[in-house]
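Visitor: Marked as domain 'Mandelate racemase/muconate lactonizing enzyme C-terminal' by TrEMBL: 86-181. Residues annotated as active site, proton donor in TrEMBL: LYS105. According to TrEMBL, the Mg(2+) binding site annotation covers ASP136, GLU162, ASP188. Residues annotated as active site, proton acceptor in TrEMBL: LYS212.
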Amino acid sequence: MLPSVEELVDRARVVALPLATRFRGIDVREALLIEGPQGWTEFSPFVEYDDAEAAAWLAAAIDFGWTPHLGAGDVRVNATLPAVPPERVAAVLDRFPGVRTVKVKVAERGQTRSDDVARVREVRRRMGAEGRIRIDANGGWNVDEAEHALRELSPFDLEYAEQPCATVPELAELRERIADLAIPIAADESVRKAADPLAVAREGAADLLIVKAQPLGGVTAARRIVAAAGLPAVVSSALDTSVGIAMGAHLAASLPDPGLDHGLGTAALLSADVTDDPLLPRLGRVEVRRPTVSATLLDRHAASPERTAWWLDRLRRCRALLDGPDGFGTDSDGFPRSAS
Ligand SMILES: O=C(O)CCC(=O)c1ccccc1C(=O)O
Ligand SMILES: [Mg+2]
């Protein structure tokens with residue numbers, strides 16, 4: 001049984017956390033946190049997402065807060081570099097001590113391919129020949145643009161290219177066209193925003209999957225998607241607070257090791273968090289544990305009354321969707337399940 005809407009609302013707190021570096025066009029990350037019986041959990045779909053999409057994030061929050069997910073140890077993480085100019089690369093990378101891998105955002109709206117090349121060149125210079133560099137275009141290129149960009153970036157030795165194009169057929173075509181470059185293609189939005197998260201694997205459109213716990217309906221649902229896809233999976237954050245990072249870290253620790261670092265270092269991009277002991281990258285790793293949430297920090301970073309009301313309304317609407325006919329509901333084990 002899923003917790004009732006009253007139970008969720010009673011246990012919910014809304015925060016607005018400033019970012020250290022502008023990312024995805026935002027300077028403040030809003031999140032709704034809920035204290036579940038198994039610990040704190042996070043519901044933080046981006047504000048522009050509609051309720052149908054956000055409902056999966058709520059299923060994830062319930063799965064993590066109401067189900068014992070026992071994890072321990074740590075996972076290796078990458079630095080996440082927003083689409084900053086070369087002179088700002090060092091300051092961002094300094095926030096990720098000890099990482100051997102950098103994920104570089106490319107194809108940012110309003111920028112050009114030479115901006116991407118300059119950023120990747122600077123990362124390679126700083127990381128040295130043994131550093132691992134992956135790029136993430138967030139679907140920003142068409143197939144031709146992606147092919148040109150990857151041919152130009154290929155001398156910098158890319159570990160993989162994440163969501164270079166927006167659609168599954170484009171990814172499949174690109175993958176054939178650049179077979180000579182031997183740059184693996186990773187699918188992110190084509191998994192987490194797709195009606196059918198398994199289409200990528202079925203169509204041979206990617207070499208690996210990027211999975212995020214919240215949009216895929218939670219740790220349990222994401223594990224099932226990865227198993228059904230049969231592809232290696234890298235777990236990535238949704239720019240969550242340390243509570244959401246913990247959800248991702250539990251997922252990462254429970255999957256087969258892809259031999260690739262996970263995108264779970266992003267608490268380093270926040271300039272405030274909800275715990276005094278955040279899940280920050282140390283020696284290139286993030287611990288797998290549930291953080292202790294601080295009442296003081298929840299108060300200090302509380303969202304405005306208007307934004308709090310907006311989030312609580314969204315929580316109520318999404319909770320109602322989980323009971324709907326093609327909502328998420330629970331499976332025979334009592335777990336929230338994804339629509340797939
Ligand atoms: O994977 C990482 O390094 C960090 C997470 C990240 O890039 C991200 C964070 C929020 C929203 C979308 C994305 C993305 O991978 O596209
Ligand atoms: Mg991505």
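Glycine is no exception: its Cβ is also placed from the backbone N, Cα and C atoms.
Small disclaimer: the values here were computed from a predicted structure and weren't measured.
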Visitor: Can you give me the average pLDDT across the domain 'Mandelate racemase/muconate lactonizing enzyme C-terminal' (86-181), rounded to a whole number?
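Guide: It averages 98.
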Visitor: Where ASP188 (Mg(2+) binding site) and LYS212 (active site, proton acceptor) are concerned, what is their Cα separation in Å, rounded?
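Guide: So the alpha carbons of ASP188 (Mg(2+) binding site) and LYS212 (active site, proton acceptor) sit roughly 8 Å from each other.
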Visitor: Measure from the CA atom of the residue listed as 'active site, proton acceptor' to the CA atom of ASP136 (Mg(2+) binding site) and give the result in Å, rounded to a whole number.
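Guide: Just about 14 Å between their Cα atoms.
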Visitor: Around the Mg(2+) site (ASP136, GLU162, ASP188), what further same-chain residues have their C-beta within 8 angstroms of the site's C-beta centre?
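Guide: Not counting the recorded site residues, we get LYS103, ARG134, ILE135, ALA137, ASN138, ALA161, GLN163, ALA186, ALA187, GLU189, ILE210, SER236.
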Visitor: If you count other Cβ atoms within 10 Å of each one's Cβ, which of the binding-site residues ASP136, GLU162, ASP188 has the most?
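Guide: Ranked by Cβ atoms within 10 Å, first place goes to GLU162.
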Visitor: For the active-site residues listed here, LYS105, LYS212, which shows the highest count of neighbouring CB atoms within 10 A?
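Guide: The residue with the densest Cβ neighbourhood is LYS212.
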Visitor: Rounded to an integer, what is the Cα-Cα distance in Å between the residue listed as 'active site, proton donor' and GLU162 (Mg(2+) binding site)?
Guide: 9
Visitor: Which secondary structure state does DSSP assign to LYS105 (active site, proton donor), in the simple three-class scheme?
Guide: strand
Visitor: Let me know the DSSP-derived helix, strand or coil state of ASP188 (Mg(2+) binding site), please.
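Guide: ASP188 (Mg(2+) binding site) sits in coil per DSSP, no helix or strand.
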Visitor: Just the number: how many Å between the Cα atoms of GLU162 (Mg(2+) binding site) and LYS212 (active site, proton acceptor)?
Guide: 13
